[in-house]
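What follows is a set of notes on a single structure, which appears directly below.
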Amino acid sequence: MSELILERLVVGYGDGAPVLDGLDLTVADGAVVALLGANGAGKTTLLRALAGLTPARSGRILLGGTDLTGLAPEDRVRRGLALVPEGRGVVVELTVEENLRLGALWRHRGAARQRALDEAFELFEPLARRRHAAGHTLSGGERRMLALARALIAGPDVLLLDEPSLGLAPLVTAHLLGVLHETAARTGTTVLLAEQNVTGALSVADRGVVLNLGEVVADRPAAELSGDPRLRHAYLGF
Amino acid sequence: MDTLVFLVAAGLARGSVLALFAISLVIVWRAARVVNFAQAAMAVVGVYAGFALTAATGSYWLGVAGAVLTGALLGVLAERGPLRLVPRDNPLPGMIVAIGLVMVLQAGLAIAFGAAHRPVPAPFPQRPLSLGGVPVLSPYDLFTLATAAVVMAGLAWMFGRTSLGLQLRAAAFAPETSRLLGVRVGRMVTIGWAVSVAVAALAGLLLVPTELGLSPHAADILFVQAFAVAVIGGLDSPPGALLAGLGVGILTSLVTGYVTAAAAPLAVLGLLTAVLLVRPAGLFAAREARTA
């Protein structure tokens with residue numbers, strides 16, 4: 001029951017021209033969708049609008065039939081949305097464990113919270129070793145891992161990820177995407193993954209949506225997008 | 001030697017009040033990125049409320065509760081009222097509103113209660129007890145030290161060990177990320193203000209019996225010194241405020257005792273200048289974060 005529907009969504013900054021101008025998109029319950037496109041295509045703006053950080057000028061966002069459009073980010077989170085923002089998603093002044101506990105606060109109480117923390121540490125073993133380290137001492141990969149773990153600990157219905165692989169070594173990226181794929185398959189979480197690392201994103205996604213200048217220019221099964229050289233060349237530039 | 005012991009002990013008592021007030025400034029700075037110049041005026045409103053309650057009921061403890069609750073309420077009103085109306089992307093508008101609040105509150109108190117100093121009796125004797133023939137601390141000083149210690153331990157527990165404290169810290173450091181984790185950041189800022197002004201009112205209440213008495217300006221000097229303390233310790237650091245508060249308390253006591261009372265404010269300013277020259281962010285400011 002977590003189908004995500006965007007209806008004629010218009011989003012922009014200040015009084016400039018809209019970045020997304022009447023975007024329609026449906027993400028089925030439990031689907032893993034890769035959101036592809038060049039810089040400036042509107043991927044980050046779309047995710048920020050979904051999370052409520054950049055309010056939509058018009059249009060609607062429906063999650064499992066509930067209209068989220070007028071809600072503040074913290075209320076959207078409580079209705080099952082989670083965004084892992086690009087880059088600086090970790091509260092660097094807090095420790096690894098405090099960051100995780102913060103993610104679990106509103107979802108789990110008492111003993112269940114501790115269990116959720118233990119599970120997260122099991123899933124992301126490198127974080128367990130740095131449990132009491134302050135966020136600012138973590139490497140880029142560890143931070144990205146922590147941000148993902150913190151989003152997953154709240155058991156979101158829909159997980160939004162903005163460039164999780166940006167600036168990471170291929171091995172780390174593969175681990176992150178692997179955990180993501182495994183978790184989505186196990187829990188039925190709907191995932192919307194914005195990525196410039198097209199190959200990596202399409203390898204874990206069921207579907208690929210290509211954005212260009214705020215419009216959906218292609219919406220195909222992932223295997224079809226990555227397998228057909230003509231499509232790849234036309235939409236993804238390789 | 002006797003003089004030294006006495007001066008250090010007296011400095012500790014004064015320093016604990018300073019530290020408490022400085023921590024209240026640190027709390028509101030961390031929560032809202034505002035240096036609350038109205039902290040003294042707001043604290044004194046709380047002290048007046050506590051004083052009135054004590055006079056009406058005869059109970060010092062009801063007065064304490066009244067002062068703290070009035071302080072908390074004032075903090076909420078200030079944050080939900082005027083401070084919500086100004087832009088919060090830089091600290092200047094908030095500071096200007098705070099300075100305006102000082103004028104309104106102090107003038108209001110003077111109109112309502114008069115500008116004269118009212119003597120405030122201490123709840124415990126103020127004659128120093130002797131330790132091996134050396135006069136050290138009075139029972140009231142001991143009460144002040146114990147109260148400050150209990151409150152600071154309580155704050156450290158609240159910020160460090162509870163879910164509320166975790167949310168307060170997260171909201172202060174990273175408001176946007178915190179909202180993405182479901183933290184109600186606006187509410188956390190309001191709670192920060194309430195806690196801050198409540199602590200300031202308690203510090204004011206502890207201070208007045210040791211000074212001239214209660215007047216609308218009773219906490220002004222305390223604010224100036226506590227602000228210096230907060231900056232010396234690093235505006236972001238509660239442990240810094242605690243240690244700098246005790247240090248400055250002892251320093252002013254020593255300078256007052258061995259040189260002259262008039263030189264004490266100069267000593268504080270000298271220390272402030274020296275610290276700002278060597279460590280502009282304060283002695284206990286957070287270290288540079290790893291950026292890669």
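For all residues, glycine too, the Cβ spot is worked out from N, Cα and C.
Marked as transmembrane segment by TrEMBL: B:6-27, B:34-53, B:59-78, B:90-116, B:136-159, B:188-208, B:266-286.
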Closest-packing stretch to the transmembrane segment (B:6-27), where packing means Cβ pairs under 8 Å, from B:59-78, B:90-116, B:136-159, B:188-208: B:136-159
Seg_contact(the transmembrane segment (B:59-78), the transmembrane segment (B:188-208)) with at least 3 CB pairs under 8 angstroms, min sep 6: yes
Positions whose Cβ lies under 8 angstroms from the transmembrane segment (B:188-208), at least six residues beyond its ends: 17, 20-21, 23-25, 27-28, 30-32, 36, 39-40, 42-47, 50, 63-64, 67-76, 78-80, 83, 120, 144, 147-148, 151, 155, 158, 164, 167-168, 171-172, 178, 214, 218-219, 222, 226
